[in-house]
Amino acid sequence: MTILNHTLGFPRVGLRRELKKAQESYWAGNSTREELLTVGRELRARHWDQQKQAGIDLLPVGDFAWYDHVLTTSLLLGNVPPRHQNKDGSVDIDTLFRIGRGRAPTGEPAAAAEMTKWFNTNYHYMVPEFVKGQQFKLTWTQLLEEVDEALALGHNVKPVLLGPVTYLWLGKVKGEQFDRLSLLNDILPVYQQVLAELAKRGIEWVQIDEPALVLELPQAWLDAYKPAYDALQGQVKLLLTTYFEGVTPNLDTITALPVQGLHVDLVHGKDDVAELHKRLPSDWLLSAGLINGRNVWRADLTEKYAQIKDIVGKRDLWVASSCSLLHSPIDLSVETRLDAEVKSWFAFALQKCHELALLRDALNSGDTAALAEWSAPIQARRHSTRVHNPAVEKRLAAITAQDSQRANVYEVRAEAQRARFKLPAWPTTTIGSFPQTTEIRTLRLDFKKGNLDANNYRTGIAEHIRQAIVEQERLGLDVLVHGEAERNDMVEYFGEHLDGFVFTQNGWVQSYGSRCVKPPIVIGDISRPAPITVEWAKYAQSLTDKPVKGMLTGPVTILCWSFPREDVSRETIAKQIALALRDEVADLEAAGIGIIQIDEPALREGLPLRRSDWDAYLQWGVEAFRINAAVAKDDTQIHTHMCYCEFNDIMDSIAALDADVITIETSRSDMELLESFEEFDYPNEIGPGVYDIHSPNVPSVEWIEALLKKAAKRIPAERLWVNPDCGLKTRGWPETRAALANMVQAAQNLRRG
């Protein structure tokens, strides 16, 4: 029984973000569709070759996506919302981009599909839309074309397909309500057709992703798996693939399915290998997800070997990444600025492929010398002084309940804040960032590269901040922001100013579409050596009589959007960050900043996948926010911002944050989210986002007014704020000015009644 290895997927964007650049060039009309398609082909060929050279036996094909793999699946099934359909019924790459972005080089602009987080990761997918009586047919053959490409290059191909039950689970019903699971029998014929096409091509194994099987699914959904897979069996071998959690709670459902193998995430799940081996049918292959696809740490391969060695020779076995390597940067070897000791602790996607090759070889031969050698740096890290800071650990241990309580309740604070700020009804503001123009990015890059001295850099940033204040005053906004010209990324910026983080040059991972992020890496205990945001906030406030918000990224979001340490709990990391930022709140307040926004867009996405684990997470997540904010005086108004959230199931925790104002992303869901605030009788102030900043389309005054009137039916108008959904960093100034002018006009119209 020779053990093979494979990955569940590989990063798509390219080492130098070639895909991002090609997409954006095409969208801007600066390159042709053929040029874009060529970049995709080149990247796929390179990535297959790189995995093969690193020692991967079975290459994933179908993991590449032009925007998002769930959206690719929607097109495969012919699920195109009517507003995005071509008049002749055809589907092309612009159809896909219109669903994702609201517009493309061809076709009519229309509202983009809703976007939300892929399980509990930082990747986003476009939510499939379902309507009653919908028809499906094989429409977009990207998967088959890419399989042909890989076969022509002589690769050992393992196609990757998002499974039918998970696909339906991830979608939403539009219009007349019905049970979307009832569409299962309508989509299965398309899956059968795809599997038949793959069988024709001589494909042996297909990786069919059903990550919904790690969730606490309703019984009807669990029951749907058997008939679904009964319909799909027989054409090729199916590797039922799960990730992000364990499968033990749903193992009875899984073992009844007519598949030939199961992939389990042995990093994030608590499944016991011996127990899995005992309960799985003896002729099934087990794919052991031993290498973490979601982090950047070098694996202790001696531990991984010990975890799996007892079942070697007892059943067919593959070793694999825990999930797709999409969530990891591509190649550590191009990082030239990382300190050698710290660098030795990491492994990016290509190094993880190498780890899988080492593990496969050791399991096949029994020789573990190479594993011990590879694991030595990560074992040595446990005793490094760069990891442990006794002062931070002591401060954390001394936290009391008092440290997470504001001095007075919201009603008392609100009165003090009204007296201080004297804001009109329907106060207008933005979420924080303004367009990051080429000038701003060039300024930061020149400074970073040493081509610009500190004085000239600061003069340049000050000028961009001044322009942002002038723009906002001209537009008539009530509460201003400094625009964040000095910040490359809302998490990276804070990480750069906190001890305990390190940064990469090319550690990019895809967030959605062409958006990539370069997450900081938490390597040790976290502290704040000096104030971070005070100087620029104070400068911005000196330019205007209107209040300027201080802007902080909250502790849970910094944690969720960084690569965390694996040797301490997430709670410990979050509270260390909270203590560091608590000092920042105190310093902003002392500098005369009266409104401080602590963004927590990631609070909900950090939720464990199983509801039974939610309470513990929410308890420490809320406590971290409160530790951060509680130092503020009564007349300092604390705002928080959250995006892509469904709130109804965590409303208690949202209220427990005790922020004076919460701004939320609601425009894509047509104010649906406010339902939860209404039902809960949310006591504090709310700014429901009135337009979608992820789309370049400019909302009309009437559209915004209608949304605000809708909001006022649910929340008393005196507690409503008016703001966009999210920061405006990725937008251009022309559409930003136009959209904000319409937003301010809508608020003024409502004030006049």
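Any Cβ shown, glycine's included, is placed from N, Cα and C.
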Annotated companion of Ile431, Gly432, Ser433, Glu484 at the L-methionine site, Swiss-Prot, chosen from Asp316, Asp331, Asp587, Asp599: Asp599
Same 5-methyltetrahydropteroyltri-L-glutamate site per Swiss-Prot - residue from Trp169, Trp205, Trp426, Trp561 joining Arg17, Glu18, Leu19, Lys20, Lys117, Arg515, Cys516, Glu605: Trp561
L-methionine site shell beyond Ile431, Gly432, Ser433, Glu484, Asp599, criterion: Cβ within 8 Å of Cβ centroid: Thr430, Val481, Met490, Met551, Gln597, His641, Gly727, Lys729
Close binding-site residues near His694 (active site, proton donor), where close means Cα within 10 Å, chosen from Ile431, Gly432, Ser433, Asp599, Glu665, Cys726: Cys726
Candidate nearest Ile431 (L-homocysteine binding site) in space, where candidates are the binding-site residues Cys643, Glu665, Cys726 and distance is Cα-Cα: Cys726
Separation of alpha carbons, Cys726 (Zn(2+) binding site) and Glu484 (L-homocysteine binding site) (Å): 13
For L-methionine, whose listed binding residues are Ile431, Gly432, Ser433, Glu484, Asp599, the greatest C-alpha pairwise distance in Å: 14
DSSP state at Glu484 (L-homocysteine binding site), helix/strand/coil: coil
Residue among binding-site residues His641, Cys643, Glu665, Cys726 with Cα closest to the Cα of Asp599 (L-homocysteine binding site): His641
